[in-house]
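Let me begin by presenting the structure, written as structure tokens, before commenting on it.
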Amino acid sequence: MSQQVIIFDTTLRDGEQALQASLSAKEKLQIALALERMGVDVMEVGFPVSSPGDFESVQTIARTIKNSRVCALARCVEKDIDVAAQALKVADAFRIHTFIATSPMHIATKLRSTLDEVIERAVYMIKRARNYTDDVEFSCEDAGRTPVDDLARVVEAAINAGARTINIPDTVGYTMPFEFAGIISGLYERVPNIDKAIISVHTHDDLGIAVGNSLAAVHAGARQVEGAMNGIGERAGNCALEEVIMAIKVRKDIMNVHTNINHHEIWRTSQTVSQICNMPIPANKAIVGSGAFAHSSGIHQDGVLKNRENYEIMTPESIGLNQIQLNLTSRSGRAAVKHRMEEMGYKDTDYNMDHLYDAFLKLADKKGQVFDYDLEALAFINKQQEEPEHFRLDYFSVQSGSSDIATASVKLACGEEIKAEAANGNGPVDAIYQAINRITGYDVELVKYDLNAKGQGKDALGQVDIVVNHHGRRFHGVGLATDIVESSAKAMVHVLNNIWRAAEVEKELQRKAQNKENNKETV
């Protein structure tokens, strides 16, 4: 049996289901590139049949990613499999992941079928997927609540049909680690052709043991772990990949397996996912939380100073978290900024140097010293907002005092035209938003507002993340500045640009569909 554990990332599929607003194709690609840099073996990037937007993003990622295998999800439905293959075919090689429920409860109440019919359907769909690729993964949905003998029948038939990877999910996060290990061991005992496939696991965290279940399964013989960065996902989330990866690395003495992950990219990838998905990482989160390497106890601090291994089982550097440096000021040139970005692991393609340096100089004039975390925040915002903007914040002014009412004046560039409006609101942020909405005429409802400090001290950058509802769809925006009101205004303008771009994409899709229809009529 191979000693490599394949890392299968589903941040962009299962993980995205936890978000209040769907990611754009560009945001998904940004995360996919970070995952590729970290070295994930397989990335599941969407469910193409679900929407034209998901199809487009899967296709874009499949065309771009070269060093990780790109995968798409499909139910055991002919159309699902055909559409997934259509989206993925631009890749040099790809995986189709198809699934059907196998537990008695799901078969009886959801599928209204029988186990024999489920097996027959699974076999047919696996063979259909094999017409497009020899890399087919099959999942037994709700395997954790499927009797092992029934599960063994399904797995044996799926392998005979051509599935190269068999995934055993604990779909509802119900199974205990010793039970889950027993399921994997039971399959190895019961399935005669199990050596012809890789056994995978996909665990959920409803009882807080997703990582424990995955590690127990690996110890029992599973050689692929599925999960998401930071553990994001439906309900209580997925197995946190960074925790599994580092557990395997730190406890290689008893796990006796390894991954091909570049663990020095873990922290940056985690931050990228957190920022783009607008899901802050808890301070006490294992591996990537801000307190993961903090020592407040005097006894612990003394022990760490004498020997870090007294209280640290791994180092911050092992996940790519280096010490903060205070070496950039308004007198630092472009070369110094570029060099520092390279030291932090960024490539030229990760940011626009002209835009980044302009933002750096403005911030350095305000703060004096610019920290690494400032640069990273600027680079992230730079990447998020580098697309052409229809709306641009030209000027704003706010008057407020001890009363509840605030007044804001805003000038907004709308294409080539500058428009101005004033409005009152319950506080400066509300007043700004009322004025912006008057200018654009967009009917948006604010459903989430988050403010996070990026850095330390009174002059730290403030990042505002908002989610708005617009005609039944949710859109995310982000703004960054040392002034909270300015951050809030920038976040709303970012949202409006995302809404505008979505409308333009919809128009383009409709145009293509109409052209296709016209061509049919011509033929």
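Using the three backbone atoms N, Cα and C, a Cβ is placed for every residue, glycine included.
Look at Swiss-Prot and you will find 5-267 tagged as domain 'Pyruvate carboxyltransferase', backed by sequence analysis.
DSSP classifies His204 (Mn(2+) binding site) as strand under the three-state reduction. Packing around His204 (Mn(2+) binding site) is summarised by its Cβ count: 26 other Cβ atoms lie within 10 angstroms of its Cβ, all protein chains included. Per Swiss-Prot, Mn(2+) binding site is recorded for Asp14, His202, His204, Asn238.
As annotated by Swiss-Prot, region 'Regulatory domain' applies to 392-523.
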His202 (Mn(2+) binding site) has how many other Cβ neighbours within 10 Å of its own Cβ? 30
In the chain carrying Asn238 (Mn(2+) binding site), residues 6 or more apart in sequence that have Cβ under 8 angstroms from it: Thr10, Asp14, Gly15, His202, Thr203, His204, Asp205, Ala210, Glu226, Gly227, Ala228, Gly231, Ile232
Across the region 'Regulatory domain' (392-523), DSSP yields 52 helix, 57 strand, 23 coil
Taking 8 Å from the centroid of the Cβ atoms of Asp14, His202, His204, Asn238 as the cut-off, which other residues in that chain fall inside it around the Mn(2+) site? Thr10, Pro169, Thr171, Thr203, Ala210, Glu226, Gly227, Ala228, Gly233, Glu234, Gly237, Cys239
Let me know the model's mean pLDDT on the region 'Regulatory domain' (392-523). 85
